[in-house]
Structure formats: C-alpha cells, structure tokens
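Structure record follows, encoded as structure tokens.
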Amino acid sequence: MNLKVKTISNIGGEVKAPPSKSYSHRAVILASLADGTSKIHDMLFSQDVLSSINVCRALGANITKKDDYLEVIGTNGKLHNSSEVPIDLGNSGTTLRLMTSIASLADNEVILTGDDSLQTRPMEILTESLASLGVCAASINGNGKAPILIKPGYVGGETNILGNVSSQFISSILISAPLSENGVDLFVLPEFKSRPYVNMTCDIMAKFGVKIENEFFVRHDDCDRESKNCRIDEFKISKQEYKSCDYVVEGDYSSASYLLAAVAIYGGNAKILNLFKDSKQGDKLILNILKKMGAKIEIFDDYVEISSEGNLKGIDVDLSNAPDLLITVAILAALADGTTNITGVKHARVKETDRIATTCSELKKLGCKLKEFEDGMSIEGGIRSGVVDSHKDHRLAMAFSLVGLKHDIEIKNGEVFDVSFPNFIEAMSEIGVELELI
C-alpha cells in the first residue's frame, strides 16, 4: 500500500509518544529470563516486539497480555526450545541479535531465522565473539547470516567485540552473560558507536537485579584518554540471576522524532507526552538537533513542548550515537535552508536497509542535491513533490511522509510503520496531520 498526506489542519495539540521499542524488547526478554512473575506496563506491541514475545514463548516463558499490562512468568534462565521448526523472527534484527546469545542457554538446539531482509544482516562478528565464550552459534548457509543454529552451552570467560558495527551485539552478550557458567568479561574495541543503546541495556538489567562493572582503559600509555579511537571499554558480569519486577516502559524518542519534526517543519505548537527528561535514549538528541535548526524546545520531567515558525536552517550533526535518527534528520535537512552535513552513521548501512544509500537514492527522486559519503551525507535544502519507495523500511516510510507537509508525496510500501509505531497514523492525526494508505 502507498502512504500519503491527505489533509493538514493547524499543527499542534497534545499527543503521547509511543512506548520505547528498544526498552520493550529488553523488558520482555529479561522478564522471560527472570525468576518469578513480572508485569510490564505501557508495552509496545509492534511487529518487531511481537517477534521477541514469540521467541520467548517458544523458549519457555509464559506470557499473557492482560488489560493494562503484559504478564511474564519467567524461566529463571532454564530455557527449552519447544519449536520443532526454525523460529521465524520476521524483520526484527533486534530480536535476532539479542536472542542469538540467549538461545545458547536452552537445553536443546535453536534455529533463528526471519524474512529475506533479516537474512541479509551480518552476524559473524557476534558469533565469533561468542565462540570465545564456549557458545556454538553458526550460520546454516555458511555466509555469516541467518538462519543461525545455536547449540546448548554457554561457558563464559573473556572475549572482545568491535564496537563500531552494532551495539546490539554488545547488548546480546551483556544480557546473556549473567546466566553463563562462569560469568563474562567483555572488552569493546574502539570505536564504540551507539553507546546509549548499551547504556539502556545496563539500565534495565539493573532494574531486573543484575549488577555490571564497567570501566575503561586506553590502548597505550601515551593515548589521549578522551579519544574515541583509543578507548577500550570493559564490562564484567559475574554469574547471577535475574529477578522479576514491575516495569514501566518509557516513551520512544525515535518514534517521537516524527511528531516533533512535523511541528518543526510545518510550524505550530505541540506537547509530546511520555518523553522523560532523564532518559538514557541516545535519540533524545533530536531535541538538540531541532533547537539548532530553529525550533523552540522546552523539556519537562515527563514531556516535551515544541514550537516552530516552520523556518529551519541547515546544521552539522554527528549521529554516531543516534543512527535511527538518520532519515528523520535527512528529511529535515532537505526541507531546511542551507546545507546540512550528517556524519558518524556508517553503521546505518547494516539496518533494515543500507539507510545511507536508500535515503540518498529516494531524496534524489525528489530533486534533492546531496553528496553521499561512507559514513553519512551532505544535503542542500530544496525538494519537490514526487513518489518514493520505502524499501520496506519502517523509518524511511515515516520520515518521508513528513515531506507531505510541504509538498505532495506518495510512499510505496508505506504500511511498514507497523514494525515500530503501529498507531503512527493516529498519532499524527492528533497533531493535525491526516495520513492515508491507498
């Protein structure tokens, strides 16, 4: 189906940001590993998160959706694969990466697979790092990608992993580490990208009762301790158990970026609820980006207010710790005056699509002048109406719909927003943007 803007009324009002996808994944997974019954409130039930729920059920967790929370009766780390066929994770790269380590805790073999897109995601860096911990996880097709066969056994010990490919590899090892036989000492080699996502993992692990020691050192005595290229992070996780708890999922700054950007682009005033001032989410960076581009932002304990005249200016921005903002910022840049330089997002090339390449190719269809680089792009403001393709990437579909605030736009395969933001159309309507699928 194609997504387009139907009508626009005065932009503004009040809308609640959807629950965090990242925290929802982690909450159901940790609750499934915990001893006892957990209640997860404000859970996001998107396609990706449902993939995590389904695999946790297959491995032994008892998960029930109640009226206003998700009840999870945990396994206390004692997993058993009840599925007689490969477990299909759909398009959820987060689920695949997080569960590859965890599946080794089962007492029988597990095969994790997914759709065609998921089967293009590189997994070799994770499986090689796990091998040093006594985990046998291998690509069935021998290409380093899903389907992944994971055999029982997780000894633990010491390993290292590159920090510049996917923070989910790091989170995967961290989450599974307390349930290994001997604990884990993990070294993250520079450059450590998307660090806030790992901070989120450590944060929620603490909520479920697990302690992590984190320190860092530099490669050589004469290295600059502030240099990202010299710093090696060490995470020490002893053998422990997860404890059940009641957990409330906070709002998602990634998804809220589309609501905030809509107000910034068109002009207006809005209050976005459920966005927490002390959040560890890296995508909170969107607030600083919009400020620099010309919007007025006020941050309160649990909501954000934005006002804008609709006149934005180009900026320079490093998205190394917030790669999921790439497409939103690219659209803001295309609708702003001047030039915007986006850097630090080489790791966005291994998302649902090569997001640097697909964003650039679709912007060019709209007459945008830009230059593509290995780790980002330079965009000159100026864009026209047209038709683009989402490449079945949920973030591309939602971000490009923002073009419709200024120009006619139609996005092919636009229905894929269900992956992360099921009520995207309804939320946009609450601030005055009527979208339709045709």
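Backbone N, Cα and C define each Cβ position, glycine as well.
Swiss-Prot lists K21, R121, Q168, R355, R395 as binding phosphoenolpyruvate, and of G90, G93, G144 the one it places in that same site is G93. Residues K21, S22, R26, S166, S167, Q168, S194, D324, K351, recorded as binding 3-phosphoshikimate, reach a greatest CA to CA spacing of 19 Å. Ranking the recorded positions R26, S167, S194, D324 by the distance of their Cα atoms from the Cα of R355 (phosphoenolpyruvate binding site) places D324 first. Under DSSP, R26 (3-phosphoshikimate binding site) is assigned to a helix (H, G or I) in the three-state scheme. Here R26 (3-phosphoshikimate binding site) comes close to L98, S171, I175, M200, T201, I204: these same-chain residues lie at least six apart in sequence, with C-beta atoms under 8 angstroms from its C-beta. Neighbour counts of Cβ atoms within 10 Å were compared across the binding-site residues R121, R355, R395; the minimum falls on R121.
When the recorded positions S194, D324, K351 are screened for a C-alpha within 10 angstroms of the C-alpha of Q168 (phosphoenolpyruvate binding site), the residues that qualify, in sequence order, are S194.
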